[in-house]
Amino acid sequence: MSPESKKLFNIIILGIAFMFIFTAFQTCGNVAQTVIRSLNSTDFHGSGYTSMAIIYGVFSASNLITPSVVAIVGPQLSMFASGLFYSMYIAVFIQPFPWSFYTASVFIGIAAAESDRRTVFIALTVISLVGTVLFFLIRKPDSENVLGEDESSDDQDLDINESPQSNMTKAVDAFKKSLKLCVTKEMLLLSITTAYTGLELTFFSGVYGTCIGAINKFGTEEKSLIGLSGIFIGIGEILGGSLFGLLSKNNRFGRNPVVLLGILVHFIAFYLIFLNMPGDAPIAPVEGTDSSAYIKPSKEIAIFCSFLLGLGDSCFNTQLLSILGFLYSEDSAPAFAVFKFVQSICAAVAFFYSNYLLLHWQLLVMVIFGFFGTVSFFTVEWEAAAIVARGSDYRSI
């Protein structure tokens with residue numbers, strides 16, 4: 001197999017593996033609060049919001065040491081271990097106990113009848129495990145022979161004899177780079193935008209589905225609408241990701257118009273959700289809520305807002321990943337570690353306050369962070385574009 005074919009094969013395997021794992025995990029997260037709320041009438045007492053807060057809290061801390069771990073054990077084993085923890089969390093829902101539920105939530109950071117619930121989560125666990133096992137199919141890429149044969153063989157000997165001390169040095173250097181990046185001007189500005197993506201990630205992946213499932217005026221379809229909502233969020237993500245991912249290669253106008261579109265789409269979604277859903281929907285009891293907002297609850301508006309949430313999220317994420325890849329093209333791992341750290345810690349905070357805040361307050365928090373996050377992204381993009389126009393290499397704004 002040629003080097004190009006091997007790279008393509010690895011990309012396909014990674015795509016399929018992550019598709020399986022995150023299909024299972026995102027589905028689980030989307031229904032977690034609804035399922036757990038239905039179990040609270042039994043001997044089990046827990047909160048899906050608290051579980052997700054633990055996941056993203058531990059995840060945020062882990063992101064700073066992730067480059068160090070990968071430097072020691074390698075990417076393949078790191079992804080395999082992570083897949084096992086994802087699968088373990090999903091498997092807990094088959095027969096949940098509070099201690100195992102929250103313990104699995106820690107490790108992963110590194111509304112039906114019981115038989116139906118077990119069947120669903122057994123299937124999700126199997127899907128996640130299949131994705132995890134696929135990581136073993138990844139093939140090690142051939143090293144490029146840019147040197148002479150003698151020099152190449154010497155390098156191979158050095159790689160083979162590389163000591164654990166050398167790996168530890170790489171790990172420490174990667175950690176130091178992550179810490180230094182945290183205090184640069186551009187990363188501080190982008191952290192506001194990243195914080196917003198963490199808040200809205202919490203909302204569309206956990207809170208919004210719970211709100212839909214809690215509205216009794218949707219009738220007997222309220223629980224099934226949760227799954228439909230997840231599908232339309234995914235459609236919005238796919239449409240935005242493919243469209244703006246392709247356009248980014250030949251975009252004369254930069255990244256700002258896409259981010260502006262994203263925030264406008266989200267503001268429209270937030271306004272419609274504010275009108276359509278009662279304020280107590282995120283924290284409603286197992287019986288649901290009979291309250292109304294400013295209009296009669298509409299299933300069509302609720303599903304349309306799901307699509308808008310997914311589309312807006314794809315606008316922000318594609319452009320954030322693009323600008324990080326541009327600013328830190330020479331050494332991107334620490335930059336993306338900081339990005340995931342900020343996003344995850346804000347998601348954890350949002351899942352925590354979702355246990356207590358009414359819907360309109362959660363929407364207000366996202367509007368404020370969304371506005372300032374958009375302004376900060378514009379600032380970084382304008383200054384980066386000015387540097388490119390001068391023809392100088394990017395170092396630090």
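Cβ from N, Cα, C; glycine included.
Note that TrEMBL annotation is computational and uncurated.
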Candidate ranges 168-186, 187-205, 206-224 [criterion: TrEMBL lists as transmembrane segment]: 187-205
Dominant neighbour of the transmembrane segment (187-205) in 119-138, 225-246, 258-277, 359-380, by Cβ pairs under 8 Å: 359-380
For the transmembrane segment (359-380), sequence-distant contacts whose Cβ falls under 8 Å of one of its Cβ atoms, 6 or more beyond its ends: 186, 189-190, 192-197, 199-200, 203, 207, 211, 255-256, 259-260, 263, 266-267, 270, 273-274, 277-282, 319-320, 323, 327, 350, 353, 397
